Amino acid sequence: MGANSLPTDATLDLDEQISQLMQCKPLSEQQVRALCEKAKEILMDESNVQPVKSPVTICGDIHGQFHDLAELFRIGGKCPDTNYLFMGDYVDRGYYSVETVTLLVGLKVRYPQRITILRGNHESRQITQVYGFYDECLRKYGNANVWKIFTDLFDYFPLTALVESEIFCLHGGLSPSIETLDNIRNFDRVQEVPHEGPMCDLLWSDPDDRCGWGISPRGAGYTFGQDISEQFNHTNNLKLIARAHQLVMDGFNWAHEQKVVTIFSAPNYCYRCGNMASILEVDDCRNHTFIQFEPAPRRGEPDVTRRTPDYFL
């Protein structure tokens, strides 16, 4: 259903649910189940390399920081007025993973052509059991059903997107097993994120100052140098790789002589890092503009996390 279709009972219901979510109020388990069924039908038809048209606003990690996502929409424009591409990591660490991921999935169902939601390394059963989403679902719903519904849906999220055949967008980075975009188009993504291999690498790898491939300190994926980025961009006729996955203090960070950019959209990450967030606006002429933003004002939340994480995924 297009954004301009006549409203039906279903879209009126969905509009009410989106409006409820925008107030940071979760849906019922039954509503989540029905929403995710519809989302699955839409996502099943999307490619591992999902084509996206400009103008589009590209966003990085959100990590359950719902009020900052609301601020992002305030600054970047509401969906569907603005076309959005999110590069994963909607859940874990922040206090509102449930509301954050439900809102993004709700917008996807309501405006499927206006928002693209890619998979991040945190959109996984294993990671969410450790970093907060599982516990949050238990706390808010009294059981793990909503966690299971969402983690089953995560298997269908596209892995990468391609803006106007020029900007390759993904959560993590490149893989020694992948030379071309067709390599990515050809694998079966509907599974839990594997511990190794090309699908894992796309969600876990990081650019590095050192040339070539390196062992990642994260324990999954690889580091890749400028020589790798240049070769990949050349082979696939790309101008830029846009990715998320790493905290950058200014909200964005260029690497590899502007062949790669990191975008991070969770300001004051974990409510303690003091970083700016940013989003990247790509206009009709493919010009890039970064918009930086600070945390939204918050009420009734702790200023610090209860426990400092040992390291950041």
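Backbone N, Cα and C define each Cβ position, glycine as well.
Values in this document were obtained by computation on a predicted structure and should not be read as measured data.
Here's what Swiss-Prot has on this protein:
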BINDING   Asp61, His63, Asp89  Mn(2+) 1 binding site
BINDING   Asp89, Asn121, His171, His245  Mn(2+) 2 binding site
ACT_SITE  His122  active site, proton donor
MOD_RES   Leu313  leucine methyl ester
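The Cβ of His245 (Mn(2+) 2 binding site) has 29 neighbouring Cβ atoms from other residues within 10 Å, across all protein chains displayed. Cβ proximity to the Mn(2+) 1 site centre (mean Cβ of Asp61, His63, Asp89, cutoff 8 Å) flags the following additional same-chain residues: Gly60, Ile62, Gly64, Gly88, Tyr90, Val91, Asp92, Arg93, Gly120, His122, Ala244, Phe264, Ser265, Ala266. For the recorded positions Asn121, His122, His171, a Cα to Cα distance of within 10 angstroms from His63 (Mn(2+) 1 binding site) holds for His122.
Taking the C-alpha positions, the distance from Asp61 (Mn(2+) 1 binding site) to His171 (Mn(2+) 2 binding site) comes to 8 Å. A 10 Å cutoff on Cβ-Cβ distances gives His171 (Mn(2+) 2 binding site) a total of 26 other Cβ atoms nearby, all chains included. Long-range Cβ neighbours of Asp89 (Mn(2+) 1 binding site) (same chain, at least 6 residues apart, Cβ-Cβ under 8 Å): Gly60, Asp61, Ile62, His63, Gly120, Asn121, His122, Glu123, His171, Ala244, His245. All protein chains shown were included, and the count of other CB atoms within 10 Å of the CB of Asn121 (Mn(2+) 2 binding site) stands at 25. Over all protein chains present, the Cβ of His63 (Mn(2+) 1 binding site) has 27 other Cβ atoms lying within 10 Å.
Secondary structure at His122 (active site, proton donor), as computed by DSSP, is coil. Counting Cβ atoms from all protein chains shown, Asp61 (Mn(2+) 1 binding site) has 30 others lying within 10 Å of its own Cβ. DSSP assigns His63 (Mn(2+) 1 binding site) to coil in the three-state reduction, outside any helix or strand.
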